[in-house]
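A.B. asks: According to TrEMBL:
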{"type": "ACT_SITE", "residues": "Asp59", "note": "active site, for OMPdecase activity"}
{"type": "ACT_SITE", "residues": "Lys61", "note": "active site, for OMPdecase activity"}
{"type": "ACT_SITE", "residues": "Lys61", "note": "active site, proton donor"}
{"type": "ACT_SITE", "residues": "Asp64", "note": "active site, for OMPdecase activity"}
{"type": "BINDING", "residues": "Asp10, Lys32, 59-68, Thr119, Arg181, Gln190, 210-211", "note": "substrate binding site"}
{"type": "DOMAIN", "residues": "4-226", "note": "domain 'Orotidine 5'-phosphate decarboxylase'"}
Amino acid sequence: MGKDVIVACDFSGRKETLEFLGELEGLNPFIKIGMELFYREGPQMVRELKEKGYRIFLDLKLHDIPNTVEKAMTALASLNVDMCNVHAAGGRTMMEAALRGLGSGVGKRPLLIAVTQLTSTSQEQMERELLIERPMKEVVASYGRNALKAGLDGVVCSPLEAPGVHEMCGKGFLTVTPGVRFAGDSKGDQKRVTDPAGAAALGSDYIVVGRSITGASHPRKAYERCIADFTGLKDR
Ligand code: C5P
């Protein structure tokens, strides 16, 4: 796996998702299934998209006691997705348990990454509500180090924190970065954002893009522009 754009399929159901993916036909996008679609359609939706050949990041952000997370990950392991995640705030023991559960499947273990601070969280909110008073970059890099020590493959963070994570955890430790917008697009609920080329310059390994593609008037063009801006490739 190399640098790629992951399209967040945040749709309310199967029909809307398949219609959207029809617009990207032939482009073989790496897609993300999150809570909205998974809770609505269940694991069958994942199986169906896997059978169609999509690479899938199953973004369920597990965060519970280690025993529960290990068993939940054991259940998810049977779906043979390509990437899964947990919250780093669950701690190292929980992340190690997640890794054990995910490794219990028959196929290749999916990549396991840890959410650091959500890209919708600002420095001010983190200080005021979570009582974490260190700079965001330091907090994210430190969560990254915990994830690395637990044996995970990388983190979810904003592109702005990718350099600090790579410095702390090495270039091979993946930074999967939501919070990406084309210049001029609405930020929505995201706080720590950059555009695709900016994310590439900061060393992001994967960008996760939802509304800038799914909400565009021409999603196919928006996806192709994203790939071109992020990977520097004009044709695929
Ligand atoms: O529409 P937008 O591009 O903001 O979508 C970003 C996607 O990435 C959403 O599906 C969101 O759940 C996910 N995500 C995020 N921040 C994280 C982890 C995941 O925005 N830290």
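Cβ atoms here come from the backbone N, Cα and C positions, even for glycine.
All annotation found in TrEMBL is predicted automatically rather than curated by experts.
Tell me about the setting of these features in this model.
C.D. replies: The DSSP secondary structure for Asp59 (active site, for OMPdecase activity) is strand. Within 10 Å of the C-beta of Asp59 (active site, for OMPdecase activity) there are 25 other C-beta atoms, taking all protein chains into account.
Take the CB of Lys61 (active site, for OMPdecase activity) and look out to 10 A: across all protein chains shown you find 16 other CB atoms.
Listed in sequence order, Ala72, Gly90, Met94 are the same-chain residues six or more apart from Asp64 (active site, for OMPdecase activity) with CB atoms under 8 A from its CB. Asp64 (active site, for OMPdecase activity) falls within neither a helix nor a strand when secondary structure is assigned with DSSP, and so counts as coil.
Counting every protein chain shown, 18 other Cβ atoms lie within 10 Å of the Cβ of His63 (substrate binding site).
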A.B. asks: Within 10 Å of its Cβ, which one of these binding-site residues (Asp10, Thr119) has the largest number of other Cβ atoms?
C.D. replies: Thr119
A.B. asks: With the Cβ atom as the reference point and anything under 6 Å counting, tell me which of the recorded positions (Leu60, Lys61, His63, Asp64, Pro66) are near ligand 1.
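C.D. replies: The qualifying recorded positions: none of them.
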A.B. asks: State the three-class DSSP label for Gly210 (substrate binding site), counting H, G and I as helix, E and B as strand, and everything else as coil.
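C.D. replies: Gly210 (substrate binding site) sits in coil per DSSP, no helix or strand.
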A.B. asks: With every protein chain in view, how many other Cβ atoms are within 10 Å of the Cβ of Leu60 (substrate binding site)?
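C.D. replies: Other Cβ atoms found within 10 Å: 16.
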A.B. asks: How far is it from Gly210 (substrate binding site) to Asp59 (active site, for OMPdecase activity), counting Cα to Cα, in Å?
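C.D. replies: Roughly 13 Å, rounded to the nearest whole number.
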A.B. asks: Cα of Lys61 (active site, for OMPdecase activity) to Cα of Thr119 (substrate binding site): how many Å, rounded?
C.D. replies: 13
